[in-house]
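Right, one structure below, let's go through it.
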Amino acid sequence: MPKRKDIQKIMVIGSGPIIIGQAAEFDYAGTQACLALKEEGYKVILVNSNPATIMTDKEIADKVYIEPLTLEFVNRIIRKERPDAILPTLGGQTGLNMAMALSKAGILDDLEIELLGTKLSAIDQAEDRDLFKQLMQELDQPIPESTIVKTVDEAVTFARDIGYPVIVRPAFTLGGTGGGICSSEEELCEITENGLKLSPVTQCLIERSIAGFKEIEYEVMRDSADNALVVCNMENFDPVGIHTGDSIVFAPTQTLSDIENQMLRDASLKIIRALKIEGGCNVQLALDPYSFKYYVIEVNPRVSRSSALASKATGYPIAKLAAKIAVGLTLDEMINPITGTTYAMFEPTLDYVVAKIPRFPFDKFEHGERQLGTQMKATGEVMAIGRNLEESLLKACRSLEIGVCHNEMTSLSNISDEELVTKVIKAQDDRLFYLSEAIRRGYSIEELESLTKIDLFFLDKLLHIVEIEQDLQMHVEHLESLKKAKRYGFSDQKIAEIWQKDESDIRAMRHSHSLYPVYKMVDTCAAEFDAKTPYFYSTYELENESVQSNKESILVLGSGPIRIGQGVEFDYATVHSVKAIQKAGYEAIIMNSNPETVSTDFSVSDKLYFEPLTFEDVMNVIDLEQPKGVIVQFGGQTAINLAQALSEAGVTILGTQVEDLDRAEDRDLFEKALKELGIPQPQGQTATNEEEALEAAKKIGFPVLVRPSYVLGGRAMEIVENKEDLREYIRTAVKASPEHPILVDSYIFGKECEVDAISDGKSVLIPGIMEHIERAGVHSGDSMAVYPPQQLSKQIQETIAEYTKRLAIGLNCIGMMNVQFVIKNDQVYVIEVNPRASRTVPFLSKVPGIPMAQIATKLILGQPLKDLGYEDGLYPQSQLVHIKAPVFSFTKLAQVDSLLGPEMKSTGEVMGSDTSLEKALYKAFEANNSHLSEFGQIVFTIADDSKAEALSLARRFKAIGYQIMATQGTAAYFAEQGLSACLVGKIGDAANDIPTLVRHGHVQAIVNTVGIKRTADKDGQMIRSSAIEQGVPLFTALDTAKAMLTVLESRCFNIEAI
């Protein structure tokens, strides 16, 4: 069927900020979709609130709106642009929910706008738990016994009838938000109450638990002519009961018989046809391990996290083809871009094994609830490809960047058998490592299977890895043992550990016996047809399919899995760097391990190596490709941490040199450089042990800011105000980076701002200064940033620009650099310098319109700044005001304290832009879902050192119609100053303590601060948790509350009696 000619203009709805459950996979899908629609000649209008994405670049769509994804703003854009159709299925749950909201508000009917791809009725049938149940019954597809409830009492009655455990699944939520497995009535009441609040339609499905069944996924596609195919089938290592986003997943399925595969395949195709889905769809099924009995768990009628994984696992571009199907093209008339000869109707075949392992944030949130269930907790994921399961699993383990190079954590060797068995049964994020430890201790795989319900096939593979370890122990420096270990994915580092050698010895031994990896192509057809893709993975076999070209090449290292502190912003910079390399006439090679991102789309670079970002794996690619050099600036700390070892191995690092990277990271060298350049910094010292740290703090004076060097995202950073706290910090946190000393700095409570700069070593371009709304003490990634600065004098801005230029030239910076400043009493101090791309690059690239990563890459490749048409110094400021606001995922992370501090906690960001600060702030708050009513009750519970400042805020809140409530100490202080506040009860005083008031909807906002001593009491954490659980706006920094107040005041009319 030819593409539709009756529509010209299509709006694509993006997925908004990155949160747990909805990450970079939608940037990848949205980018593909917009480009595919443009390729077909349609005019594309994109709306998304996330500036950190490739998708929101001007060239991706004809018009790009970075605006809040709320009905208010999307409606305005629709009325302005008048699109003929909207494509909502590539914007995750956000896109689908927006489509439903537009329909319910009558906007689509009113403006005669069509929804493309999946119809509203299909979205409703798949997402509405009741309609889905009816459809499955009509299709004769088995689903677990279940009921739809709108109250807690209904849930309790049903559970009493069918027995526990039961699963709660709220309707229209993402990543299992609000759901869970309940083993008792108490758990059921708690989870259902929360689930009903989080469901936009106040509806939960309560179903019989089928935990322990195998969890299987089918990624399917269908077009308007009813052609349908399975792109990829996947099997979860973990049985049903753990969210698929938190499970280790293998593709293709590993343990199914042909009969089982055909049965589930037929069911998936039957469902997509019945729903009349046009595009991509994900079907999740549960299979009884002991019979042919199965259940349909759920259907996602859209492109999803699994679609991104399936696309990267097979090379089949699901989102691109889904967009083309949405405008009428059919699978049998579209060419598969991988082979260039077969049609998209041809089902991919894999002759390799793909492993996906989730990346969790518990290295940052040590007190978070780590037990896994039906609510997703991972922030990102890694993928690895191998010729056998062991190889792909071990490559994925070392891609995680959690300090392991194997499926082994050495710290587990000290735990008791009792603790080991508990951790094996109660699945946490690190269960794989406990299982492997149990096998090393001699537990049988049959015992482990009965404890975990993980299939014996997978446990046998873990046993095989342990057997290879034992073989290596018995045959030190034995060539055949080395070959076998390499064939099954062992790293040089692990083999060196077992043989008690250096990693370099293993590398030398391999090379002396010509034992090199070969690179195989991902071609969708198991080599049945010639493929055109430059998409490769390594393995230890004979035939190498990756041929070095005659063109000079540059290798760009990606940033690995998305985690807190290192998000999609770095992928953005990587993709732009590749574009500049190609424009400069070089072959651009990317190496990365993240299946969610645009950088791992094979069409972005000239060659893509889907490999772990370790010294060994990077060197193997360098040995084959012999690039002119390697760029490490755009891959975050992941790539920077490899620079030293690569340089020592004789690799050319392009851009800022390793010794200069060291001068920025090494405290003593940095201090020396600042003195030479005449730039002030907070007084500070380095310390390598407890005595030195205490001595430094005594000399500097408390409070001090302590942190390890060479970390990203404020990892293990803390403000301490006495010796006891400092001793506690040294004992617990120095582990964060044991081979490097810790930094002890004077803590200056002033205004923070940051700058990104681009330098060729002689000239320095500063795209802009970003002023932080929150004062020092809140991590820059968690602060709201304003561009251009609103409260910095011209003189201070000139000083910042001057210091930045001095630093860039003094540190021989070639490419990018990020500098953070604190200002107190008109004195500008440098806090830190990062000689690489930072997380603000996408925001600052979009706002003044400077393609920062591309310019930086051109300078790295040797072009002078002046030849690119840019002047030295600060770039002219934008006429609009732009706000970058953080987005948090606390609702998914039980027991993680939402108190903001020097360690980063946000998972994503949004942007608000307008003609005034107040309007831009309003948009930013709307975009990050901090919607505050115009009046109501606000609770203040304030630390002594900020009560005076909080008083003036409380007075302003009262003036616009808010009723002030406060805890005992705060209320007493307010009363002394002439402001009466309603007293709230102590925690535990059930009638009117804050959690109770919050639960009953009597509180519209909470302002809660703690003193500089950040070990906040339990009561404070309970207050903050109750606000997060009930979705009540919570401010733990007075500056953020002040910003919100500014917005509310600007929207208030003055009402006075005459």
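Numbering starts at 1 and runs along the chain as it is shown here.
In case you wondered, yes, glycine gets a Cβ from its N, Cα and C as well.
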Can you find which of Glu695, Glu832 Swiss-Prot lists as binding ATP 2 at the same site as Arg707, Ser746, Ile748, Glu752, Gly777, Val778, His779, Ser780, Gln820? Glu832
Cα-to-Cα gap, Gly777 (ATP 2 binding site) vs Glu215 (ATP 1 binding site), nearest whole Å: 44
Could you tell me the maximum Cα-Cα distance in Å between the residues recorded as binding ATP 2, namely Arg707, Ser746, Ile748, Glu752, Gly777, Val778, His779, Ser780, Gln820, Glu832, rounded to a whole number? 18
Alpha-carbon distance [Glu298 (Mn(2+) 1 binding site); Glu215 (ATP 1 binding site)] in Å: 11
If you measure from the Cα of Arg208 (ATP 1 binding site), which of the binding-site residues Arg707, His779, Gln820, Glu832 is the nearest? His779
Hey, of Ile242, Gln284, Arg707, Ile748, Glu832, Asn834, which of those binding-site residues are within 10 Å of Asn300 (Mn(2+) 2 binding site), Cα to Cα? Gln284
Whole-number answer please: how many Å between the C-alpha atoms of Glu298 (Mn(2+) 1 binding site) and Gln284 (ATP 1 binding site)? 5
Quick one: of the binding-site residues Arg129, Glu832, Asn834, which has its CA closest to the CA of Ile748 (ATP 2 binding site)? Glu832
What is the interatomic distance between the Cα atoms of His779 (ATP 2 binding site) and Gln284 (ATP 1 binding site), given in whole Å? 39
Tell me, in order along the sequence, which binding-site residues from Arg129, Ile242, Gln284, Arg707, Gln820 have their CA within 10 Å of Glu832 (Mn(2+) 3 binding site). Gln820
Inside 10 Å of the Cβ of Arg208 (ATP 1 binding site), count up the other Cβ atoms and send me the figure. 18
